[in-house]
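For 1-25, the entry in Swiss-Prot reads signal peptide. According to Swiss-Prot, the region 'First lumenal domain' annotation covers 26-187. What Swiss-Prot lists as topological domain 'Lumenal' is 26-374, and the listing cites sequence analysis. Sequence annotations record features per position, and here Swiss-Prot assigns N-linked glycosylation site to Asn34, Asn59, Asn80, Asn103, Asn146, Asn215, Asn220, Asn241, Asn253, Asn285, Asn299, Asn314 (among others). Among the features that Swiss-Prot reports, region 'Disordered' is placed at 180-207. Residues annotated as compositional bias 'Pro residues' in Swiss-Prot: 194-207. For 220-374, the entry in Swiss-Prot reads region 'Second lumenal domain'. According to Swiss-Prot, the transmembrane segment annotation covers 375-398. Residues or ranges marked as topological domain 'Cytoplasmic' by Swiss-Prot on the basis of sequence analysis: 399-409.
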Amino acid sequence: MAAPGGARRRPLLLLLFAGLVHGASAVFVVKNGNGTACIMADFSATFLTSYDTRSGPQNKSFELPAGAEVSNSSSCGKENASDSSLVITFGRGHTLTLIFTRNATRYEVQLMRFAYNLSDTDTFPNSSSTGVKTVESATDIKADINKTYRCVSETQVNMDNVTVTLRDAAIQAYLSSSNFSREETRCEQDLPTPTTPPQPAPTPAPASPAVFRYNVSGSNGTCLLASMGLQLNVTYRRVDNKTVTREFNVNPNKTTFGGNCSATLATLELHSENLLLLALQFVMNESSSRVFLQGVQLNLTLPDAKEGSFTATNSSLRALQATAGNSYKCNAEQRLRVTSSFSLNMFRVWLQAFRVDGDKFGPVEECQLDENSMLIPIAVGGALAGLVLIVLLAYLIGRKRSHAGYQTI
């Protein structure tokens, strides 16, 4: 792997089934003109893209290959300037760029940019477009100065019609030595969830919520169709100043729903006695024809809360993505982190926003969790079949040799 001033790669140890599901991890190093490392990154990455073909939109998932290299366009920044960058190239004209910035106490990946070459017919067969397309997004990757950003859990960065998933990541910029710091700043996904002291009569966790079919209609017909079970996971401070985490199922039998529609915005609103408002806001990106959940708003009455209620809002999500006209489906439980104190747990999701034909769902786009759950048994089955074949061949060869040893006299 080439890098300014040189770069190194660590030996790779691939496990049989892990190698079948996820790509290999690699160490990427950027050095300054004196040969001193200023950026080090060690992670594996998966890219999930949607591109247009003559027969319609097509999803493509691929890994960052072991042969990926650090580009000479990577930079440590000029003198003590805060901006520096790691540019990774792979395949036929694909690049992943991490742009860093810092202040006196912390540094972060301010921007992640992915440029992919639609002329690469091996990666994007039957693409109706050619040339390089570039997407970018801010990230939550940040750490204290002189500490390594560490995240064993998956970290997803959504960029228009591309989702980049990093795994087992160790990243450090503005290095004080040529190695990762032993001190780490862990990502929020790796931190233990808040726990509460044992209570005399703890509230049991609720069972999976009931699945219900919701719909929202406007002047042009149905704009949102959803079948799902919803569960609220909230962390709050009680009147006794103890912090607790509780889960609440949304009971369809005690909930009313409504919403509104526009050309590029569809909102589902749920109300009940304690659930003053749960709003899910879906948007359509007209340039990419991608539909996704962008906003979640919660207003919940909690009698034992110190504030008497709980509120949370996030209007910058990019979840539950699908192509306009298609439906999104996920049988696996999904935990959507809305804020640090609120997660929306979703069960057996099947939904479609925009271009809904009456009360029927369009062509299905499966979620990544469902696709991964199918890959593992296929990989295990293939390995077992290969093992059985080897044993059978060994048996037949041994039997043939034993017969050859008994010749008629």
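Quick reminder: no glycine exception, Cβ is built from N, Cα and C everywhere.
The structure, with features from Swiss-Prot marked on it.
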residue: Asn34; record: N-linked glycosylation site; DSSP class: coil
residue: Asn59; record: N-linked glycosylation site; DSSP class: strand
residue: Asn103; record: N-linked glycosylation site; DSSP class: coil
residue: Asn146; record: N-linked glycosylation site; DSSP class: coil
residue: Asn215; record: N-linked glycosylation site; DSSP class: strand
residue: Asn220; record: N-linked glycosylation site; DSSP class: coil
residue: Asn241; record: N-linked glycosylation site; DSSP class: coil
residue: Asn253; record: N-linked glycosylation site; DSSP class: helix
residue: Asn285; record: N-linked glycosylation site; DSSP class: strand
residue: Asn299; record: N-linked glycosylation site; DSSP class: strand
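Within the set of glycosylation sites Asn34, Asn103, Asn215, Asn241, Asn299, the entry lying nearest in space to Asn253 (N-linked glycosylation site) is Asn215 (CA atoms).
In this structure, the C-alpha atom of Asn314 (N-linked glycosylation site) lies 31 angstrom from that of Asn146 (N-linked glycosylation site). Counting only residues at least six positions away in the same chain, the Cβ atoms of Thr222, Leu224, Leu225, Ala226, Asp359 sit under 8 Å from the Cβ of Asn215 (N-linked glycosylation site). When the glycosylation sites Asn59, Asn103, Asn299 are ranked by how far their Cα is from the Cα of Asn285 (N-linked glycosylation site), Asn59 comes first. The number of other CB atoms found within 10 A of the CB of Asn146 (N-linked glycosylation site), across every protein chain shown, is 14. The shortest Cα-Cα distance between Asn34 (N-linked glycosylation site) and any of the glycosylation sites Asn59, Asn103, Asn146, Asn241, Asn299 is the one to Asn146.
When the Cα of Asn241 (N-linked glycosylation site) is compared against those of the glycosylation sites Asn59, Asn103, Asn146, Asn220, Asn299, the shortest separation belongs to Asn299.
As a whole-number mean, the pLDDT of the topological domain 'Cytoplasmic' (399-409) in this prediction is 55.
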